[in-house]
Structure formats: structure tokens, C-alpha cells
Amino acid sequence: MRTLWILAVLLVGVEGHLLQFETMIIKMTKQTGLFSYSFYGCYCGWGGHGRPQDPTDRCCFVHDCCYGKVTNCDPKAAAYSYTIENGGIVCGGDDPCKKQICECDRAAAMCFRDNLDTYNYAKYWKFSAKDCQEESDPC
């Protein structure tokens, strides 16, 4: 069980209700976030700095910015509700905090899906931190 928790912590974005975000990614891309998006580019995975390297890395940058704007709750722990409808994700529930987190995760999962054609595992997975030194874009 401890191994599963450690793996969950490594998921893309590192925050939010990780298993829900992972499920969103799988449903939208048919790829697992853990193996396809953690350690990708300069922003996918733990932390982030520099300039996003491609559209997928930009999805992670925008996701990080989105979490930074979440107010009055902890994006690392709040479980939210959502459904998959007509190939998209619909966030539900009445809690504004949880809905904000869900919307951040929804946007990232949809962004990953929309950029599968430029996703470059060979080039950007385990991308070197020394290549992420340029000044970051503002959120």
C-alpha cells in the first residue's frame, strides 16, 4: 500500500485529489498520468520552472497556475465529483473549492487530450532541469 501512495504522489500536478486526476487523464488520453506525464518537460510532475517546452508541458504549466488561484481549500486533499459526458468532463457538486480544483484538473486532462499529436515522450520525458533555466512565463 505504501508503494501505491508513493506512486500516487508522483502523479502529474502532484496536487488535487490525485487518483481522480489520474482517472480523468486516462479517460481523456488512454494514457496513465503517472507513466506518461510525470517527469515530462519543465512543468509536468513535481514543481516546475523555466519555459514550457511544448504544448503538453504548457498544459502542466497552466494546471500549476490554476492550482495557484484556488482559494479557501487545499488542492492536495479535496475530493470532488465529476462525470464524463459526450467525451468531455463535467465538474459537479456545490462546494466552490472542490469545483475549482475539478475545473483545474478537467482543463489539464482535456489539454493533454487535445495535444496528443505533439506529445513527445522520447524528447521530453525525464527532461533535464538544466534545460529549464529560461525565465518562466507569468501565470
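Just so it is clear, glycine is given a Cβ too, placed from its N, Cα and C backbone atoms.
The structure displayed is predicted, hence computed values, not measured ones.
Annotated Ca(2+)-binding residues in Swiss-Prot are Y43, G45, G47, and among D64, D74 the one listed with them is D64. Listed in Swiss-Prot as the disulfide partner of C102, from the options C73, C91, C111, C132, is C91. Each of C66, C73, C111 is a candidate, yet Swiss-Prot gives the disulfide link of C97 to C73.
Cross-referencing C42, C104, C111 with Swiss-Prot gives C111 as the cysteine bonded to C59, criterion being a recorded disulfide. Using a 10 Å Cα-Cα cut-off from Y43 (Ca(2+) binding site), the recorded positions that qualify among C59, H63, C102, C104, D105, C132 are C59, H63, C132.
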